[in-house]
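The block underneath contains the structure these notes are about, expressed in structure tokens.
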Amino acid sequence: MFFGILKAIILGIVEGITEFLPISSTGHLIIVDQFVKISSNKAFTTTFEYVIQLGAIIAVVLLYWKRLWPFGGGKTEKQRFNIWATWVKVVVGVIPSVIIGFLLNDWMDKHLMNWLVVSIALIVYGIAFIFIENYQKNRRPRVRTINHLTLADVLKIGFFQVLSIVPGTSRSGATILGGISIGVSREAAAEFSFFLSIPTMLGVSVLKIGSYLHSHGMFSGEQIVILLVGMFVSFVVAYVVIKWLLRFIQTHDFKAFGWYRIILGVLVIALGAIGIID
């Protein structure tokens, strides 16, 4: 039990750090999992990875509660309207990934969940971040806040999110890159990426958990403890990381993350080539 909890803490930290940074949580977990296996049961390991995502989602909801909850006192009609408008944009933004994900998710997991695909995605999107940031360097953002996003804008960002079905792409990376490439400010692109994560990650996590319970029955007591520990650690770390990222991008661009992705991608290739990861 002790070592199971320790592994859950380590993986929760990795998930909390990488989920909302554009560096691919999958790319990191595929490496860490080789050294810190939460379980010999592959189905439980996969389910654990989706459960700890719930902790990261809770961090977003808690941080942005006032901007996401339209009910209760103290809000003007304009504020309520903006909140409902934000939710409409989120729903429109997730439509492409819901459709494509439903059609291709199982095929992607079967054929693309390997270190080579992950490493290529890390490198390709790392280069894309550097290119887009250089291209947009001297351009003023066309959209500075989520309130100014049009439905056409969010649909385009939603199609970028579809790219994250490929392992190693990074859901946050794809949506932030998509936002910046169409002229959205870094802050607005990052925040909308956080908001899109709520229905996207919640839906996938619930489906994966339901699938596990249907196939394997209820979790054991030890498994429940491990899941809760991992989810709580992911929540705490993600909360801190989101606040840090929002401060960071006020004075920095995303090129550093692009270079980091390239280095990580090369590392994954090296580890895969010598057989350390499979």
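Please read every residue number as a count from 1 along the shown chain.
Heads up, the Cβ atoms here are built off N, Cα and C, so glycines get one too.
Quick look at what Swiss-Prot annotates:
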{"type": "TRANSMEM", "residues": "1-21", "note": "transmembrane segment"}
{"type": "TRANSMEM", "residues": "43-63", "note": "transmembrane segment"}
{"type": "TRANSMEM", "residues": "83-103", "note": "transmembrane segment"}
{"type": "TRANSMEM", "residues": "112-132", "note": "transmembrane segment"}
{"type": "TRANSMEM", "residues": "192-212", "note": "transmembrane segment"}
{"type": "TRANSMEM", "residues": "224-244", "note": "transmembrane segment"}
{"type": "TRANSMEM", "residues": "257-277", "note": "transmembrane segment"}
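Only pairs six or more apart in sequence are counted, and the transmembrane segment (224-244) with the transmembrane segment (43-63) gives three or more Cβ pairs under 8 Å, enough to call it a contact.
Counting Cβ pairs under 8 Å to the transmembrane segment (1-21), the stretch among 43-63, 192-212, 257-277 with the most such contacts is 43-63.
Residues 19-20, 43-44, 46-47, 50-51, 53-54, 56-57, 60-61, 63-64, 68, 86, 89-91, 93-94, 97-98, 101, 146, 149, 154, 157-158, 161, 171-172, 175-176, 179, 184, 242 of the same chain sit 6 or more residues outside the transmembrane segment (192-212) yet have a Cβ under 8 Å from a Cβ within it. When Cβ-Cβ distances below 8 Å are used as the criterion, the transmembrane segment (257-277) is approached by residues 21-24, 27-28, 30-31, 34, 115-116, 118-123, 125-130, 133, 168, 170, 173 of the same chain, each at least six residues removed from its ends.
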